[in-house]
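What Swiss-Prot says about this one:
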type    : residues              : note
DOMAIN  : 8-282                 : domain 'tr-type G'
BINDING : 17-24, 81-85, 135-138 : GTP binding site
Amino acid sequence: MAREFSLEKTRNIGIMAHIDAGKTTTTERILFYTGRIHKIGETHEGASQMDWMEQEQERGITITSAATTAQWKGYRVNIIDTPGHVDFTVEVERSLRVLDGAVAVLDAQSGVEPQTETVWRQATTYGVPRVVFVNKMDKIGADFLYSVGTLHERLAANAHPIQLPIGAEDTFEGIIDLIEMNALYYEDDLGNDPHIKEIPADLKDLADEYRGKLVEAVAELDEELMMKYLEGEEITKEELKAGIRKGTLNVEFYPVVCGTAFKNKGVQPMLDAVLDYLPAPTDVPAINGVLPDGEEAARHADDSEPFSSLAFKVMTDPYVGRLTFFRVYSGTLNSGSYVQNSTKGKRERVGRILQMHANHREEISIVYAGDIAAAVGLKDTTTGDTLCDEKEQIILESMEFPEPVIQVAIEPKSKADQDKMGQALAKLAEEDPTFRAETDQETGQTLISGMGELHLDILVDRMRREFRVEANVGDPQVSYRETFRKSAQVEGKFVRQSGGRGQYGHVWIEFGPNEEGKGFEFENAIVGGVVPREYIPAVQAGLEGALDNGVLAGYPLIDIKAKLYDGSYHDVDSNEMAFKVAASMALRNAAKKCDPVILEPMMAVEVVIPEEYLGDIMGNITSRRGRVDGMEARGNAQVVRAFVPLANMFGYATHLRSGTQGRGVYTMQFDHYEEVPKSIAEEIIKANGGNNKED
């Protein structure tokens, strides 16, 4: 089967924005105008095509990026809808990784918002060219030029309008095209047939001014155009479009368009801008990878090259089971064929290949370079894995995901839920690399960890809906540790005599602090067999077992040394068990002599805020027992780096949001352990009922 759309006529784009800027509605309208939907679904009525998880429809937010394919003016446009909430940055990161270009949607009233800044930075990291769509021009307070100004101030972006709105709020009726220098009026409700007219007289001067600014900005990026511009020659329409395309592809220029997706105005010209200015797979640099012999190699967007692709999302579908979304970088793949998962070193069979249209799917027999599709039948492939030709193997650059930062205990409500919960957690962890589930060795509780409170809420909710598992969720917890600050020699003696054979184990151990991060080190310094050699492993095992349940508040002991140097034994009564118990008693006794302390996880926190909030934010970090480690200006924002105890970071997202009118963002990850101040340590010990008791 021949290719339906050439590579040059393929666009892989993401729609990215702050939560509530109208991203999903914009995608809906694209699907409507490109003929994939016959009835428009509204997000605020909970009937949107892209938001197909029940929860997304209820909350009106997009959680998973659904990939959809559409056609416009002889081009194929593959669209990935990305979430706008900070807890789902992993979804945004992984979509950006496989896209060639993006449409950044802004709310015309707010302009650039905090999450826009986060997503914009991620897109810049991946070198993704962007077109900006200023949406909601019909909203009260909509201000197009203010929104464009925020692109300059908050993102230091070289963004310029290629359109101007005609009217705003209730009177928004069309747009001025600054390249064609004409006006488009929307007169029917569905916006199917805009009328082309002359630019209204009262806006002619403004249009001329912004056309002049556009020409100047484009000329600055191109020497030939600059020469023409300086010599006063006319720059043609074609030259202007070519200049905008070149600047956009080089991520040096961002064309800005406007409209209102909800009222069906301005969506088709935005689609035209996607075709005109965003890259085809052939316009972006070839993807790099590593061959089995360690050599670096590139794969170009070309059907004749060996097949290579990247799995960027795994989902469980109620009808077809496990779906693996993948982006083809080179070559072709037929359904039913075998591929190599070079990341895991496993052979996989691609059962069927589906092209996704929001929630409806169509089966296809072959995919080509530049395509985005979903495979059914892959068993071992997870997010970030490379799938490639078995004979021409390569591992493509993968994605890096942050470590989870928040942990809660979860327990099934009934015995029936118990087994199902394990399976559900395993499935969710497979789909989401920033989610972990593990069993706490000390309490036997199941702990789940993720990127934030909303992230975990949604996952627990999905467990209930998709896997029918009811669970109780505890409060967020901190994983404390314990260690020793001093060295001391301690005795442990276990003697039981109760008729017949007794128990006898006796050791002298020197305990002391170890270097940070070195863990537990055991040294056998017994001379002359005072403790027989066969009991030494039992002493070590007894200590290791006792470490998990510390001496102050029951938290694991880390970074300590133990040197076994003396002891005694009994010919008949000594056995492994007795020496195990003696060793653990020695560790308990060390609590009195070795100055044990509690350690807490310290997070490396980075807060990005507008300058005017700097004083308040610094004060708040100090009040949370944080230490500011450094500051720098980024664009017109301030970046504050600090170390803050995890225990004091709960609820910080809410505080930051309200304290900066939603303009501050922060990231945090675990950095190191540090001693807890005495007063707080006492509270922790009290809360845990104290562990320093005689055995």
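Heads up, residue numbers simply count up from 1 along the chain you see.
Positions of Cβ are set from backbone N, Cα and C atoms, glycine also.
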Task: Coarse DSSP state, helix versus strand versus coil, of MET137 (GTP binding site) - done: coil
Task: ALA17 (GTP binding site) CB neighbourhood, other CB atoms within 10 A - done: 28
Open item on the list: Can you tell me whether DSSP puts ALA17 (GTP binding site) in helix, strand or coil?
Closed with: strand
